[in-house]
Amino acid sequence: MLLNKSLSHTPLRSSVRTSAAQPVSCHSLPSRRSVGLQLGLLGLAGLGLTPSRPASAEEALVPYVPTKDKTPALRSGVIKQDGRYSFEIPATAKEQRITNLMSGNFCLPNCAEPWLEADFVEPNVGQIQLLAIPILKLTNIKDPKIRDVGSPENLLQRVGSYMTGAYFDEDSVVAVNTKTKADGIEYYEYELNQIDAQTGPHTIAQVTSKGEVLYMLLGIANEKQWNKGQDTMHKVMDSFKA
């Protein structure tokens, strides 16, 4: 990038006649800010660097922690109020209303089927949901660790339909991973691409168990959302703490 020529001073030859001085418009001169910006960009180019792209609104994440009486599961004590889950969501995500049927309000604290704890939508990224599954639906072990419930592959066979909203197709599995986070809890992570799923087709999930609940954080996206927002979705998953 070249600096504005008005910054250079070329001496005039003495043989050239000069006319009366003309006023110079302030708009023709570069501002200190623009000169500084150009010099800064030249400096980055000299170092072989390019200026970083500022994060878009949907890429900026903010923490979500439910209040102590936010959901029926928290109010009933099925999820302990002093050990509430948390995760980050895009700053532009909108919280969705959860019906009594989906929230488990009609059956807690003795629900035999999964219920929805949280639901957010960001149009450019996708949908983020936290599903809670009664641990007794999966094992009789009291307060089990995720390994007590099953291996990553075995558990996927049992809860995969909750990720897709329909049947689970084994051929849709893109990746299966495990990770232990700073909270000392192990999480199973799944990525699916099931074209005929009621959700998605792109779905990523982090799953773990704590107390009486198997937690399943879901990131759901269509093709357009996934192409733009998959990095954001993975960051949301990594921020999850049960």
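We number each residue from 1, going along the chain as drawn.
Glycine is no exception: its Cβ is also placed from the backbone N, Cα and C atoms.
The compositional bias 'Polar residues' annotation in TrEMBL covers 1-22. The annotation domain 'PsbP C-terminal' is assigned in TrEMBL to 142-241. The annotation region 'Disordered' is assigned in TrEMBL to 1-23.
Residue counts for the domain 'PsbP C-terminal' (142-241) by DSSP state, with H, G and I taken as helix and E and B as strand, are 36 helix, 35 strand, 29 coil.
Looking only at the domain 'PsbP C-terminal' (142-241), the predicted model's pLDDT averages out at 94.
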